[in-house]
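Database features, via TrEMBL:
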type     : residues    : note
BINDING  : 70, 94, 349 : substrate binding site
ACT_SITE : 106         : active site, proton donor
SITE     : 146         : site 'Important for catalysis'
BINDING  : 190         : NAD(+) binding site
Ligand SMILES: NC(=O)C1=CN([C@@H]2O[C@H](COP(=O)(O)OP(=O)(O)OC[C@H]3O[C@@H](n4cnc5c(N)ncnc54)[C@H](OP(=O)(O)O)[C@@H]3O)[C@@H](O)[C@H]2O)C=CC1
Ligand SMILES: O=C(O)CCC(=O)C(=O)O
């Protein structure tokens with residue numbers, strides 16, 4: 001699907017809306033809109049065949065006033081600097097909304113990981129890490145997985161950084177494998193947090209997750225765990241897609257069987273427990289709850305007008321354009337915004353960083369309880385602000401996040 005509204009256009013429009021609500025000056029608006037620091041790097045790679053190719057890489061620290069930069073690393077063919085700027089800005093507001101002591105950052109390499117061997121991806125990751133070494137570190141900027149990267153990528157980043165410094169520094173990345181300082185519960189945290197956010201939004205209307213039907217776009221690190229936790233909560237998950245389309249079953253998909261199917265490396269669309277559904281069709285299905293958990297910009301004015309769900313809970317970053325947002329709002333559809341709904345990942349990343357820094361590890365139960373508590377507390381404050389000021393949940397979340405960051409500027413003396 002062609003992207004008409006770019007992620008950066010969406011992110012800047014959202015910031016403008018928050019600045020208007022908060023009544024900030026043009027100077028402060030400019031400070032909040034502008035990345036604090038960014039690095040563009042060339043990442044040369046010798047392919048297994050001997051061919052030399054060059055990939056572009058980026059790390060953007062949008063804001064570091066509340067603490068170190070924090071945010072994922074994306075490997076995708078279409079990554080460009082403006083996409084990374086948007087993703088870094090969303091990280092800033094997200095970390096502030098859930099009140100973790102970080103700024104916002106994001107990285108990306110323009111590479112389609114499906115076209116490369118594991119050895120090639122390791123070389124790309126090590127070279128990219130070496131190039132951005134001067135600006136990362138456990139007190140400067142901490143990486144985590146995003147689209148196209150995983151626990152193994154984070155282990156390579158951590159190892160490259162540590163070898164360069166001369167000792168092991170697990171706090172430079174989160175979302176690592178458990179044996180090298182990862183946290184219990186991080187792999188499932190974003191999806192689990194999405195389900196906490198959905199439960200809280202439904203509860204505002206007196207509805208329980210066990211009473212609803214859901215569709216999930218994207219079956220990666222976020223979507224697959226969201227589907228799992230929805231199923232655990234008694235939700236009937238009736239459709240799921242990945243990049244090639246997906247599967248639907250109006251009686252409810254067998255999510256465990258679908259997870260086992262995908263674990264073999266097969267696409268969602270070849271699952272035998274359902275019939276075919278496309279990525280365009282999934283938005284118009286007759287469901288109560290829609291979870292976009294893949295890429296940006298998929299809910300534009302057109303797709304938003306086909307949505308039948310009563311709640312959209314954003315697992316992905318930036319899945320809804322400003323035009324799509326207006327259509328959903330006009331149609332009375334509740335949108336739980338990305339900077340709140342998918343914050344479970346960074347919350348448990350924060351727990352992982354705290355554990356790594358203290359070299360003391362929490363139990364799975366402690367992590368699950370603290371994640372639930374943080375997500376419900378963040379939802380409650382956003383929902384209360386929305387009610388008190390007659391704002392959408394997105395504007396309320398942005399107002400809270402942007403205000404906390406602006407306050408940090410003001411207190412530190414960086415006010416214009
Ligand atoms: N990982 C995390 O902790 C967090 C991630 N996010 C956001 O969640 C989203 C998903 O990230 P994550 O799950 O980590 O990424 P993954 O790479 O693990 O999974 C992405 C999923 O989306 C599918 N997909 C990719 N492109 C499209 C497309 N154009 N249309 C439909 N489906 C598509 C992929 O299909 P296939 O597998 O076939 O390629 C895959 O199922 C992103 O927006 C990310 O920024 C937000 C917070 C935290
Ligand atoms: O876990 C993290 O640090 C950030 C994950 C991420 O990239 C995101 O929330 O978009």
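The backbone N, Cα and C atoms fix where each Cβ goes, and this holds for glycine too.
TrEMBL feature annotations superimposed on the structure.
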residue: 70; record: substrate binding site; DSSP (3 states): strand
residue: 94; record: substrate binding site; DSSP (3 states): helix
residue: 106; record: active site, proton donor; DSSP (3 states): strand
residue: 146; record: site 'Important for catalysis'; DSSP (3 states): coil
residue: 190; record: NAD(+) binding site; DSSP (3 states): helix
residue: 349; record: substrate binding site; DSSP (3 states): helix
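Rounded to a whole value, the Cα-Cα separation of residue 106 (active site, proton donor) and residue 349 (substrate binding site) is 14 Å. Here the Cβ of residue 190 (NAD(+) binding site) has 29 other Cβ atoms within 10 Å, regardless of which shown protein chain they belong to. Listed in sequence order, the residues of the same chain lying 6 or more apart from residue 146 (site 'Important for catalysis') and placing their CB within less than 8 Å of its CB are 71, 72, 73, 74, 87, 106, 108. Of the recorded residues, residue 70 (substrate binding site) and residue 190 (NAD(+) binding site) place their C-alpha atoms 15 Å from one another.
Proximity of the recorded positions (70, 94, 106, 146, 349) to ligand 1: a Cβ under 6 Å from the molecule is found for 146. Counting every protein chain shown, 29 other Cβ atoms lie within 10 Å of the Cβ of residue 70 (substrate binding site).
The recorded positions in question are 94, 106, and the one with the fewest Cβ neighbours inside 10 Å is 94.
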